[in-house]
Amino acid sequence: MSSKSTKRKVTETFDSLKSKKPKLVSGEQQQQQHGKPKFVKPKSFGDSLSKKERRVQAKELTEARKKKRKPHYNLEQELASLWEKMRRRDIGKEDRSKLISEAIRKMKGKVPEIAVSHVSSRVLQTCVKFCSQAEKDALFAELQPQFLNLASNKYAVHFIQKMLDGASKQQLAACIFSLRGHVAPLLRHLFGSVVVEHAYRLGTAAQKQELLAELYSTELQLFKGLTSSTEKTVVDIIAKLGLQKGAVNRHMTAIIQPILEKGIVDHTITHKLLIEYLTIADKTSAADVLQLLTGSLLLRMVHTRDGSRLAMLSIKHGSAKERKKIIKAMKEHVTKMGFYQFGSMVLACIFSIVDDTKLVTKIIVRELEASLKDLVMDKNGRRPLLQLLHPNSSRYLSHDDLAALDLSVPSLCSMDKSDTSSKTKDTDGNESGEETKDEQDDTVAEHTDHEENVTAMGGKKDPLVRRQELLVNSGLAERLIDVCVENAEEFLKSNFGKEVMYEVAIGGSDGILCPSLSEKLYELYEAISSVAAKPKPQESGKDSEHILENFHSSRTIRRLVLDCPGFASTLFKKALSGKCRSWAQGHCSKILSAFLETEDFQVREMAKTELQVLVSEGTLKISAAKKPE
């Protein structure tokens, strides 16, 4: 009986506990119980306002915060509305000038504060672009006292660039004078360096030298007028002023190192500074700088004259590992570089120096093959191809280009000579042509960390073997001949394409194409002769001009007749035999006279019967000085 009653009591107590619910306690009661304040969400928040009203309320709060944070917020809003009207293309000049005058009037006395805003700085740029000279002078007068502060601002820098573009000589000189003593800190700044570069580009030669000289020495930074226009390099300045070379080296190192570490290497003044630094730097400092430049940084420098020279120096004095890193960084950028005036010379330098022809073929040659036609027709794009076909030719490369290919770092070059002279005795027995791998010549120096940066200039491979591997073994020459066959007439009439066509047709320098591609060259001769065999067009015009009468193509064909007997015989048999009388006038007469002037006996005898009659009649003239013996 007792056990049953105890079970009933337990179940009753369990059911009573389940049926009990927690009591709701208000916020005031919780505060009284615990003594701690607790945030209570108001009932009216979000319930009484619609979504649209909440958005309006949030917008009003944002506007209120902006008004507190920006003292000229209302003025910026007014200027933005004026800017939307003045920048339209369909607005008249008078209406635009009225809007600009109104905007400048509202900004008067507040230009430095407004220029740092991302909206108002654009208004200022538009005003400077279209305003009158008097209004421009007024804006410049307000800008001048705060020039240095604004030069480091993210948005004001664009306004300063516009002001410098339209500045007079006196105003530009005043801005450059404001930079005095601050060039080095600004070059280390991401936005300040843009202002220094813009002033450097617009300045005269004397002003450029003044900006650069400040980076050479502390004395030149403090005192003005120590240098003249005759001292153009840091070596000349050291010799004239008697400065200590070590002190100048340390001063320039302290400026250059943070610039390179931050990667601010896009500017011309920085490239010039680095070139001058390498002329006086010791071997360790020069090697460190070139090693820092190795990789993607060089791609941002090859668009300038000095930047491309820095890239060439890095390739010349770099180790196999560094050269490989430079070439791999060029992947997918080779074609774009080829069309640059200075970037094309970097590619020509790689073709002349790097021994790892497999890597060069894989990354550079394959990418150039995809745009061969455009490269042949381009003034700059043809240079790498001509460097392979006819290396270091003064006919295709200017004196400055050839000097750039021969440039070297004095300290590293002297060490190279001492290193190579000491190693010749040990390596004479191993240089008998036993190395067959492409990377073997370039990987010798990879085991020593210090010697990686002072590898001898140029490659160890025979230049003819390197050209053979890059041009013939890679398939580039065969593809180039096919492109010339497909576009024979267009290339011959082109001022730039004719040079590549000539070099390909004669088989390149040293006859590099002739042994293995003689059949392909014969196809090219047939293609040119087929175009030359076409009848004279009845319509006159440059587009319809025959290749034997065109100025560029006639000169190129004449050179080919004189220098390439195989082409001369094919051309005469297919296009000129029996038709010489009709071509004896104009530009074509120079081609016919070349058959009698050539040194090849068989070609002369082949054309002599038909051409001698024209010479006797006086129809075809040939200079006595050009007759072969």
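Every residue, even glycine, has its Cβ placed from backbone N, Cα and C.
Residues or ranges marked as region 'Disordered' in TrEMBL: 1-70 (among others).
Here TrEMBL flags 9-18 (among others) as compositional bias 'Basic and acidic residues'.
Panel annotation: around the compositional bias 'Basic and acidic residues' (49-64), no residue of the same chain lying at least six beyond its termini places a Cβ under 8 Å from a Cβ of the stretch (none). Taken from TrEMBL, the feature compositional bias 'Basic and acidic residues' covers 49-64 (among others).
The domain 'PUM-HD' feature in TrEMBL is assigned to 78-432. A mean pLDDT of 89 is what the model gives for the domain 'PUM-HD' (78-432).
Summarising the annotation, TrEMBL assigns repeat 'Pumilio' to 142-178. If one looks beyond the repeat 'Pumilio' (142-178) by at least 6 residues along the same chain, the residues whose Cβ comes under 8 Å of a Cβ in the stretch are 108-109, 111-112, 115-118, 121-122, 124-125, 128-129, 136, 186, 189, 191-192, 194-196, 198-199, 202-203, 207, 210-211.
Residues or ranges marked as region 'Disordered' by TrEMBL: 415-460 (among others).
The compositional bias 'Basic and acidic residues' annotation in TrEMBL covers 416-428 (among others).
The compositional bias 'Acidic residues' annotation in TrEMBL covers 429-443.
Annotated compositional bias 'Basic and acidic residues' per TrEMBL: 444-460 (among others), in sequence order.
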